[in-house]
Each structure stands twice: as structure tokens, then as C-alpha cells.
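Here's the structure we're looking at; comments come further down.
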């Protein structure tokens with residue numbers, strides 16, 4: 001599959017018998033080749049449930065997973081891993097850099113029943129972790145105690161001015177002084193030009209604002225840390241990985257320069273098979 005016209009939106013999908021990844025891995029894999037020296041355009045796939053109307057697929061169509069490279073200028077060269085949870089799309093909290101050359105690269109997403117995941121490029125792991133940790137699916141486990149406040153006598157100043165340090169009597173000097181080398185121009189007319197005043201120059205004796213030397217504060221307690229409590233809104237979910245129904249794989253893309261080739265699309269629960277296909 002290759003994009004063929006510049007500055008176009010593309011929508012292409014294929015439906016298959018619906019399945020669930022309950023109790024087994026879900027592997028999404030495909031290859032991408034940007035023959036056109038891509039400057040701005042998507043290279044990702046989306047997985048949809050069985051409710052998708054393929055004749056009306058567009059950028060706002062709800063999806064289960066969006067995965068793959070996205071490039072736009074020097075600032076955006078990343079791998080999207082977006083998962084739907086309770087009707088909302090959640091982006092991964094990590095930056096994964098994609099390939100931006102003109103060669104073929106395999107992108108693989110593995111989501112496991114233990115709520116862990118892996119992202120591979122060309123069979124090499126580039127990111128992995130836990131779904132709860134790396135996406136904002138759930139409310140945080142801990143929150144700051146709303147009833148806790150920093151004690152009024154809490155001293156968080158590491159140093160204090162030395163009370164015995166005194167400003168020298170000759171410290172205060174003006175920042176600017178009249179130029180001692182300046183002289184009144186011969187053609188200066190006081191009646192016409194007003195009273196002549198020499199220009200001001202930086203004062204070499206100026207020392208700035210005086211500040212007392214600092215001493216370690218004997219009452220310093222360190223930075224106050226707001227205590228945390230269990231978040232009553234937090235509820236664990238062992239099924240963050242679960243996709244109850246996947247029926248369609250599709251491309252929903254915008255490309256400024258066309259020419260990207262997509263191939264080897266594989267949706268499976270066999271991790272070894274996906275690795276073998278990418279290796280071949």
C-alpha cells in the first residue's frame with residue numbers, strides 16, 4: 001500500500017472476524033518505508049471495534065489503538081502509542097523516537113495480559129513498561145493531603161545573613177559620576193544651551209548593593225514536603241490491556257509528501273511469529 005498524492009488525507013480499512021485479547025498477548029506489527037524523504041505525515045495504523053462504519057471512517061472515528069510513526073518537521077519524529085480507555089484516548093507518557101530515513105522499518109507493539117507492554121523497531125526493543133505507570137488511565141494512587149499545611153514556624157531558609165557583619169562606612173558610592181576628563185566645549189553658550197554639565201560615566205568605586213555574608217541557618221529544617229494520602233478516587237484495574245472487540249485495522253493519515261509504503265500488516269497473539277516475520 002503506497003500513498004500517491006501530495007497534501008492529501010488517506011483513509012483505508014479492512015474488516016475481519018472480531019476477537020478479544022482476553023488472557024493472551026496482542027501484537028500489532030507492520031512495516032513502513034518513507035521513499036519520499038518525508039517532511040510531514042503520519043505512518044501509523046489504527047485498530048477499531050466492530051461498530052466502525054468503514055464508509056465513513058475519518059479522524060474522529062473512535063478507535064481502540066493507534067500505533068506507529070509520525071513525522072512533522074525536525075520537532076516531531078515519534079512513535080505514537082495511544083490506547084482507548086473508557087471512551088477516552090490516552091497517549092503514552094514517554095517519548096519514543098521513530099526512524100526518519102528512506103529504508104523499510106518494522107514497528108511492533110506487544111500488549112500483554114499482565115498489563116505490560118513492549119515497543120520494538122526492527123525487532124529491537126525501544127521501550128517497555130507497565131500500562132498503569134506509562135499512561136494516565138487511572139487516578140493517581142496518592143494525592144497531597146488537603147488538610148496538611150506547612151507549620152508557621154517551619155524554617156526552610158538554608159542560610160541567613162550574618163548578624164555581626166556590618167556594612168563598611170565607605171561602601172556607598174554612586175553608580176555613575178561626572179566624567180573627570182570631560183571639558184566644556186568652546187562653542188558652548190550658556191544662554192543658548194543652558195548650564196553645561198559633564199557627561200556621566202561608570203564609577204569604578206561603585207560596589208553595588210551591600211549584602212551581609214551568609215551563615216548556615218541553625219534552625220533550618222529543609223524543604224517542607226507536603227504529606228500524601230491514599231487517593232479515594234483511585235481504583236486499580238487489572239484489565240487495562242483488555243480489548244473486548246477488535247474487528248478492523250485501518251490507516252487514517254495526512255501526508256504533505258506522498259510516497260510512504262505500508263506492508264506486512266500483522267495482528268496476532270503469537271509474539272514469536274511476529275518476531276520471525278520482522279526478521280525475514
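In case you wondered, yes, glycine gets a Cβ from its N, Cα and C as well.
Among the ranges 142-196, 197-251, the stretch that TrEMBL annotates as region 'Disordered' is 142-196. The Cβ of residue 40 (disulfide bond) has 14 other Cβ atoms within 10 Å, all protein chains considered. Under a cutoff of 8 A between CB atoms, and with a sequence separation of 6+ in the same chain, the neighbours of residue 72 (disulfide bond) are 39, 40, 41. With DSSP states grouped into helix (H, G, I), strand (E, B) and coil, the compositional bias 'Basic and acidic residues' (142-186) comes out at 0 helix, 9 strand, 36 coil.
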